[in-house]
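> If you scroll down you'll find the structure; I have some questions about it.
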Amino acid sequence: CDSKKLDGGDKDPNEMRNGYGHAQKMRAAATFGFGRMYGKGRAPWHESEVTGEMVGNPSVSEMVSGYMVSLRRRKVQSGEEQTSARAITPELIGKLWDFNHREENWAIRKYAP
């Protein structure tokens, strides 16, 4: 997703990269993995005031959050189309509501594939 290699060097400009949406999915998978599989929960990664050890979910750290903001900015600057959380319009929501409240959609009937 990034234009940088893990060693800090630049990737070849002709090398195909995944988009910001892919990075979001990777982070979500890491958050789930650390949170559920390793019992780290959803609390941000931080140093415990009691034990001095790092606790919480590493993928919810300030560093990762800052990186994701920076990556999104760089992706938009490089011409990647920005994804919007407001892709659904009020008109479409109204149509969905109307469809879901039609009488024929409320009638209980036997399932027919």
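Here the Cβ of each residue, glycine as well, is placed from N, Cα and C on the backbone.
A quick note: this is a predicted structure, and the numbers were derived from the prediction, not measured.
The following feature annotations were taken from TrEMBL:
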- 1-15: compositional bias 'Basic and acidic residues' (COMPBIAS)
- 1-20: region 'Disordered' (REGION)
> Could you give the residue numbers and ranges of same-chain residues that sit at least 6 residues beyond the compositional bias 'Basic and acidic residues' (1-15) on either side and whose C-beta is under 8 angstroms from one of its C-beta atoms?
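Same-chain contacts beyond the ends: 22-23, 26, 71, 74-75, 78.
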> Just to be sure I understand, if DSSP states are collapsed into helix, strand and coil, how many residues of the compositional bias 'Basic and acidic residues' (1-15) fall in each?
0 helix, 2 strand, 13 coil
